[in-house]
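> The following block contains the structure, expressed as structure tokens.
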Amino acid sequence: LALAGSPGGGGQHYDYYGWQPESLPHGRFYGREPQCLDIPPDMQLCRDVGYKRMRLPNLLEHETMAEAKQQASSWVPLLAKQCHTDTQLFLCSLFAPVCLDRPVYPCRSLCEVVRDSCAPVMESYGFPWPEMLHCGKFPSDHELCIAVQFGNSKVTPPPVSKICTQCEMEHKADGMMEQMCSSDF
């Protein structure tokens, strides 16, 4: 786990509590005392992520393990698409953050490389990049944060549809509209 931080130090002390994502009301994250728990084996998104214990509430404000697991499970298919090598690192840093005495968010650049590689894949299945993962909410690289590990390259290109052309057309809005308008009912 590599962290990006301020070079040198020179007597400067990083204000861990000073940066908070725009979407979180100030102080909300600290409303409930954080606890360290083992990452459950059935939390597939973060299986073999490189650490065994996670902080709860997590960085997306999920306060129970059940809620964190349920929300994380919807991201497992994206891992299977292998759109970027840092996808698991980015998502798990939010859903199952490493258990330290202070929360450590992913760097903005980590969010951006994952988003740039994975958003087109998600959009090809009709899912936009969610607002809760808006990269502007995360700290810049010169602050303490989780940095890009495997570079800026994609693992695989976006998937090519395996649906027949006619079937695919039927699922698109124009195709559905054309088919509906030409129907006699």
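Cβ atoms here come from the backbone N, Cα and C positions, even for glycine.
The shown structure was predicted, so the numbers you read here are calculated from the model rather than taken from an experiment.
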> Between Cys83, Cys92, Cys99, work out which one TrEMBL annotates as bonded to Cys46 by a disulfide.
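Answer per TrEMBL: Cys92.
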> Cys107, Cys111, Cys164: which one closes the disulfide with Cys135 in TrEMBL?
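TrEMBL says the disulfide from Cys135 goes to Cys111.
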> Among all protein chains shown, how many Cβ atoms are found within 10 Å of the Cβ of Cys92 (disulfide bond), not counting that one?
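For Cys92 (disulfide bond), the 10 Å Cβ neighbour count is 26.
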> Go ahead and report the DSSP secondary structure tallies for the domain 'FZ' (31-148): helix first, then strand, then coil.
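In the domain 'FZ' (31-148), the DSSP-based counts are 51 helix, 12 strand, 55 coil.
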> In angstrom units, rounded to an integer, how far apart are the Cα atoms of Cys135 (disulfide bond) and Cys46 (disulfide bond)?
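Computed Cα spacing between Cys135 (disulfide bond) and Cys46 (disulfide bond) is 21 Å.
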> Kindly state the mean pLDDT of the domain 'FZ' (31-148) in the predicted structure.
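Within the domain 'FZ' (31-148), the model's average pLDDT equals 94.
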